[in-house]
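**Q** Take a look at what TrEMBL says about it:
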- Pro84, Ile85, Ser86, Arg87, Gly88, Leu89, Gly90, Ser91, Ser92, Ser93, Ala94: ATP binding site (BINDING)
- 65-137: domain 'GHMP kinase N-terminal' (DOMAIN)
- 203-275: domain 'GHMP kinase C-terminal' (DOMAIN)
Amino acid sequence: MFVSVPATSANLGPGFDTLGLAVDLRNEIIIKPSKFLSISTHGEGADNPKIKKNTLFLNIFNENYKRLTKRTDNFRFEFHNRIPISRGLGSSSAVIVASLSAAYEAAGVKYTKREILNQALRYESHPDNITPAVMGGFNVACVENGRVYSKKRRLPDYLKAVVVVPNRTISTAKSRTVLPKMYKKEEAVYSLSRSSYMTALFMSESWDLLRIAAKDKLHQSRRMKMMPELFDVQKLALKHGALMSTLSGSGSTFFSLAYEKDAPKIAQSLRSRFPQYRVLILDLDNYGVITKD
Ligand SMILES: Nc1ncnc2c1ncn2[C@@H]1O[C@H](COP(=O)(O)OP(=O)(O)O)[C@@H](O)[C@H]1O
Ligand SMILES: N[C@@H](CCOP(=O)(O)O)C(=O)O
């Protein structure tokens, strides 16, 4: 059995905990029945003893496999990780979504993507990574009574993501604890109005006004101040034609959306200015999690 899940860029500036999209940078897992548990990890995290054991994946897989089959069986898991870990590209959501999909597939139980998404919410309370990881595309999502309500828009192949991936890891959970508990009404209105406007722009494919929408007063600048060079990343990307440039999730990655024709120039300018960072041009993803027998 084969499971493939995309990285995601959440928040997109003002859409804190609600907006997110998927990019074609995937973790892939090969799973086979086995007499005993076997794990091999390749790529991101392969040299990290904590990640290598992949307890996050195995705990979720085992819990749900047992819930679905009332059995515990052994499997051989081969992890191929391309999503940088703790960099704001939804690596934890990718693991959650992949492990749930794998458990349902291994159990031979019929399911829908919506079921996977609602199960994933049990492990990650904000829906802005898990929703695009499941569905692909651009998504706006909210939570009501433990269920995700979301709307997806497919993304055109003439748009590309240009992502700057610093070496510094940022724990999402930790970075959420430093955000204010209370906000001024003006800050809330500033962000919610732009999040709504951004949603309308994505749904109507009005790309040229994204710059106006992609501003935030709830989380972004407070987080960027922990890595001030990210302000320069944002300025440079916009100067060279990015349609929008925002902190990816809780960071440290910076996400820019661009027309295909502009992406190489933006990437080149970022590589020259920040040679110490990975700069990737990625296709956008419209498929989300994929499973094959
Ligand atoms: N490929 C992976 N294999 C095992 N655990 C992973 C993997 N990717 C992420 N994780 C788990 O998720 C944590 C990172 O989650 P988080 O801080 O939300 O980062 P991100 O911004 O990438 O979502 C890691 O510390 C690890 O516990
Ligand atoms: N809305 C969340 C998104 C976290 O994304 P991640 O890719 O950093 O896990 C937040 O901003 O905390």
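Using the three backbone atoms N, Cα and C, a Cβ is placed for every residue, glycine included.
Nobody curates TrEMBL annotations by hand; they come from automatic prediction.
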**Q** Could you find out if DSSP has Gly88 (ATP binding site) as helix, strand or coil?
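**A** In three-state terms, Gly88 (ATP binding site) counts as coil.
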**Q** With DSSP helix as H/G/I and strand as E/B, how many residues of the domain 'GHMP kinase N-terminal' (65-137) fall in helix, strand and coil?
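**A** Reading the DSSP string over the domain 'GHMP kinase N-terminal' (65-137) gives 39 helix, 7 strand, 27 coil.
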**Q** Which binding-site residues from the set Pro84, Ser86, Gly88, Gly90, Ser92 have a C-beta atom lying less than 6 Å away from ligand 1?
**A** Ser86, Gly88, Gly90, Ser92
**Q** I'd like to know which of these binding-site residues, Pro84, Gly88, Gly90, is least surrounded, judged by other CB atoms within 10 A.
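**A** Fewest other Cβ atoms within 10 Å, among the binding-site residues Pro84, Gly88, Gly90, is found for Pro84.
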**Q** Around the C-beta of Ala94 (ATP binding site), how many further C-beta atoms are within 10 angstroms, looking at every protein chain?
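**A** Counting Cβ neighbours of Ala94 (ATP binding site) within 10 Å gives 28.
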**Q** Which binding-site residues out of Ser86, Gly88, Gly90 lie by ligand 2, going by a Cβ under 6 Å?
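**A** Within range of ligand 2: Gly88, Gly90.
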**Q** Under 8 Å between C-beta atoms and at least six apart in sequence, can you list the same-chain neighbours of Ser92 (ATP binding site), or say none if there are none?
**A** Leu56, Glu124, Asn129, Thr172
**Q** Compile a sequence-ordered list of residues in the same chain as Ser86 (ATP binding site), six or more apart from it, whose Cβ lies below 8 A from its Cβ; state 'none' when nothing qualifies.
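**A** Non-local contacts for Ser86 (ATP binding site): Thr169, Ile170, Ser171, Thr172.
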**Q** An 8 Å radius from the center of the Pro84, Ile85, Ser86, Arg87, Gly88, Leu89, Gly90, Ser91, Ser92, Ser93, Ala94 Cβ atoms defines the neighbourhood of the ATP site; name the other residues of that chain inside it, in order.
**A** Ala7, Ile83, Gly249
